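Listed in Swiss-Prot:
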{"type": "TRANSMEM", "residues": "29-49", "note": "transmembrane segment"}
{"type": "ZN_FING", "residues": "138-180", "note": "zinc finger"}
{"type": "REGION", "residues": "252-308", "note": "region 'Disordered'"}
{"type": "COMPBIAS", "residues": "272-291", "note": "compositional bias 'Low complexity'"}
Amino acid sequence: MSEEDGGSMSVKSSLSSFLKILSSYNSNVLLAALVFLLLVVLFVLLLHFYARFFWSPSHQDFSAAARHRRRRRRNRRRTVTTTRIIPSLPLGGFDDGVSSPAATATRDDKGLDSSVISSIPLFVYEENEEEEDEEEECVICLGLWEAGDFGRKLRNCGHGFHVECIDMWLSSHSTCPLCRSPVLAAVSDEENLKLAVNAVEEEAEVRLQMSPAGENESNVSGDRRVSLSLSVMEDDLKTGDDDGEEEVRIEVFDDDEEINDGGTRSDRRRSMSMTSSASSSLMRMLSSSSSRSERNKVFPTARQDSSK
């Protein structure tokens with residue numbers, strides 16, 4: 001019996017020691033499994049929040065709009081830099097000491113006067129049924145042309161733009177925004193020097209039908225001839241001042257004779273001064289009236305010789 005009891009005790013002790021070893025091993029494995037599970041749950045939560053805030057459609061639309069705004073701002077800066085710095089080059093390349101009028105206008109671009117801009121002819125856009133597939137757009141505002149839109153067509157190059165767009169452009173530029181050709185015909189320095197040194201005189205002759213107040217046209221005794229003489233003054237050239245306007249002297253010669261104190265007769269003569277812009281308007285009015293009178297064959301204009 002003693003041997004059997006000793007054998008059973010040894011078996012129990014070995015089993016208890018094995019169970020202790022196994023329990024200690026299971027606790028370490030369980031702890032490692034719990035730590036790994038917590039890491040997996042934390043990673044899944046982070047992935048969920050990332051997908052919710054960065055992959056949502058609203059955030060994608062906001063990001064696309066922000067990228068579009070940055071792209072437009074970058075393209076706008078690039079366009080302005082190209083317009084202001086890079087001049088248009090002649091087709092033949094650079095010539096020694098010679099620059100094209102378009103390049104000169106680009107470097108010294110100060111815009112045009114409002115009266116010059118308003119003189120550019122207008123047109124009304126009409127859609128062409130044969131070219132419906134090709135949509136035309138204004139290169140300044142990048143807007144499509146629609147039927148009934150008003151535009152201006154430049155004389156030299158023939159390009160057309162919206163009235164509001166080209167008026168704003170020409171207020172600070174003097175060239176075409178598409179081909180960079182000058183809007184106004186370039187005048188050489190030699191011609192400018194001749195205009196500044198020599199007094200330019202232009203004469204226009206008109207006839208005025210004068211009748212006293214209260215009388216009929218049948219009682220008109222005759223015609224009255226008035227001769228206008230326009231001359232550009234040289235005061236700006238002598239003094240060195242340049243205010244952008246030339247003074248023009250207008251002398252009016254009247255055929256009606258007046259008697260002086262000595263009993264002699266002399267023609268009436270009056271003179272006045274005005275700016276060159278006002279005188280040019282007066283000359284255009286006189287030329288239009290003279291052309292109408294020539295068409296009607298009534299008192300054709302005649303240019304008097306200054307020597308007489």
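Here the Cβ of each residue, glycine as well, is placed from N, Cα and C on the backbone.
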Report summary line: For the zinc finger (138-180), the DSSP helix/strand/coil residue counts are 8 helix, 9 strand, 26 coil
Requested in this report: Pop the mean pLDDT for the zinc finger (138-180) in here, whole number is fine.
Outcome: 86
